[in-house]
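A quick write-up on the structure given underneath.
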Amino acid sequence: MKHEGKEEKVKHAFAQGTKYRIIGNLSGLILGGYLASLDITLVWVPFTIVFLILNLFLILKMKEEYKIGKVISNRILSKISETIKKSLIVIKSQKLILALLLLALFSEFSFETISQYWQVHFNENLFIKTEYFGWILVISSVITILLIDKVTRLSERFKHEVSSLVILEILFLLSLLVIALTVSPILAIIFFILLQSFASFKEPIFLDLYNKHIPSEQRATLLSFQSLVGSGGEVLAGLCIGVVALKFGLRITFGLGTVVLFFGIMGFLLLVRLNKIR
């Protein structure tokens, strides 16, 4: 779209991608819940069949030539190293990319703290029945599907392009903080639904900002690097939050997520301000 002069539509394309992904998740949740009510073993059958059919379709319709080297492991390590080196060269000249990657790292870490343990927290600490969990996810998915296009259009009204992303990150942080502190099940459910929606709303805005500022010739490399950084945040969270949860409890774990995201937002704003990025 960028090469065709339709760059202004990229954000909406990302929003549509997020919307349809959530529609797919919601459809799977509803169908899976229905099949599980009949027989738990039925849950896996339709999804496995559909997955195999789609993969077969992709193999037949999107043919590619693959050249298999003699030493696969060395090639993989070489590719990873090359991706990191090329990305670092671009990042040095594009400070907004550095700021976005820093925010992505801390944001993924923060989101992982709640996504791993919200069900345990709701059930054991807030005594919310597990049969409500599906409804909570359905409501958050429906809100996102209905509002993501409106939020994306609203984000374009801000004078500074990073403003809407920062606002959504702050709203996510506040929602996580409320979940960590509240003893009210109703409040926890409301703010978890909001948190899930904020996480989805910021996705197309982040991707649009990142995509807009990376050089075309380095696009594939930097998109791979962005995925690598996001995965790094998830891995770091996985290593840390389990230990923190066992030693200090889930409220402290969620509090850790808010602190990490706070530093991520501050680091992002500092880089943006120092480099006079708008």
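Think of each number as a place in line: the chain as shown, counted from 1.
Every residue, even glycine, has its Cβ placed from backbone N, Cα and C.
Mean pLDDT for the domain 'Major facilitator superfamily (MFS) profile' (25-278) in the predicted structure: 85. Positions annotated as domain 'Major facilitator superfamily (MFS) profile' by TrEMBL: 25-278.
What TrEMBL lists as transmembrane segment is 20-36 (among others). A Cβ distance under 8 Å defines the sequence-distant neighbours of the transmembrane segment (20-36), meaning residues of its chain 6+ beyond its ends; these are 42-43, 45-47, 134, 137-138, 141-142, 144-145, 200.
Remote same-chain partners of the transmembrane segment (42-60), defined as residues 6 or more beyond its termini with a Cβ less than 8 Å from a stretch Cβ, comprise 28, 31-32, 35-36. According to TrEMBL, the transmembrane segment annotation covers 42-60 (among others).
Feature annotation from TrEMBL assigns transmembrane segment to 96-120 (among others).
Positions annotated as transmembrane segment by TrEMBL: 132-152 (among others).
For the transmembrane segment (164-183), the list of distant contacts is 103, 107, 110-111, 113-114, 118, 121, 126, 154-155, 158, 191-192, 194-195, 198-199, 201-202, 205-206, 209, 251-252, 254-255, 257-258, 261-262, 264-265, 268-269: same-chain residues at least six beyond its ends, Cβ to Cβ under 8 Å. Summarising the annotation, TrEMBL assigns transmembrane segment to 164-183 (among others).
The transmembrane segment annotation in TrEMBL covers 252-272 (among others).
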